[in-house]
Amino acid sequence: MTEFIFLGLSPSPEVQRICFVIFLLLYVAIVLGNSLIVLTVLTSRSLGSPMYFFLSYLSFVEICYSSTTAPKLLSDLLAERKSIPWWGCLVQFFFLHFFAGTEIFLLTLMAYDRYVAICKPLNYTTIMNQQVCMVLVGMAWVGGFVHSLSQILLVFQLPFCGPNVIDHYFCDVLPLLQLACSDTLLIGLLIVANGGTLSVVSFVVLLVSYVVILLHLRTRSSEGRRKALSTCGSHITVVMLFFVPCVFIYLRPSTTLPADKMVAVFYTVVTPLLNPVIYSLRNAEVKKAMKRLWIRAMKLGGT
């Protein structure tokens, strides 16, 4: 087996051309929106707290994550033959799970940051100092790498002897398991133990942490509750948008469903697009920092 053939999103050339325009606009919006958040956090002194430090890394990961599938999807929408080399498929698979795993750990870290900020405000600056934040982000990257490495080692053992047609628009676990010409029951269970369990356990930890936060907020003033809930609400929304599709996909590695491609579009394109919108629209400090950045850019442009 030297290459795989993607069936893509639709066999209709007209639909493919429409999809190309739509996904091109979405991908440009993802890159520009998340880059704006990264630039805003890096240049604004008012966004120096650990929450925005983690947010900047999350936005950077979103750009990388969407870039593992979007460019190939766009080129395939204009191509008659949608092929990818065997090694290219494994590279795409590795980086897709690498950035997805890193994002899972970053979202968990952001929940921990909110827990410390709300439940232990007096010790917040001591617990979440700059050195600790750097170590935690480093651990998120390492965790994503270990997760992806274990996934690709499992897939690398599979024998592919034909057919080589993938009913998808990128290389992922379920489509590759369907093409393997051997018994994939054990590998499928190991993939669930790795990817599916990681998603479920992280999701449960996040939900429990926010239940603890909500219980703690009962003792706060109405203004304090409003501000804390606004910040936590943005994070909970992002968590739900990312984790629910992942749990739907990776907890059943032995079967594929017709809806899988649409669900994949949601967590590889829609969610990275919505993250900067959610965090910027629901956060007054981010909006003010973006406004100041825009004013400075206009002044520099005028000179």
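Backbone N, Cα and C define each Cβ position, glycine as well.
Here TrEMBL flags 33-279 as domain 'G-protein coupled receptors family 1 profile'. Residues or ranges marked as transmembrane segment by TrEMBL: 20-39, 51-70, 90-112, 132-156, 185-217, 229-251, 263-281.
Counting only same-chain residues 6+ beyond the ends of the transmembrane segment (20-39), those with a CB under 8 A from a CB of the stretch are 55-56, 59-60, 62-63, 66-67, 70-71, 73-74, 77-78, 269-270, 272-273, 275-277, 279-280, 286, 290, 293.
The stretch in 51-70, 132-156, 185-217, 229-251, 263-281 that contributes the largest number of Cβ pairs under 8 Å to the transmembrane segment (90-112) is 132-156. 263-281 is the stretch from 132-156, 229-251, 263-281 with the greatest number of Cβ pairs below 8 Å to the transmembrane segment (51-70). Proximity of distant same-chain residues to the transmembrane segment (185-217), defined by a Cβ-Cβ separation under 8 Å and at least 6 residues beyond the stretch ends, is recorded for 97, 101, 104-105, 107-108, 111-112, 114-115, 118-119, 147, 150-151, 154-155, 157-158, 173, 177, 224-225, 228-229, 232, 236, 239, 243, 246-247, 250-254. Model confidence over the domain 'G-protein coupled receptors family 1 profile' (33-279) stands at 83, taken as the mean pLDDT rounded to a whole number. Within the same chain, residues 9, 23, 26-27, 29-30, 33-34, 36-37, 55, 58-59, 62-63, 65-66, 68-70, 96, 168-170, 172, 234, 237-238, 241-242, 245-246, 248-249, 287, 290 sit at least 6 positions outside the transmembrane segment (263-281) and bring their C-beta atoms closer than 8 Å to a C-beta of that stretch.
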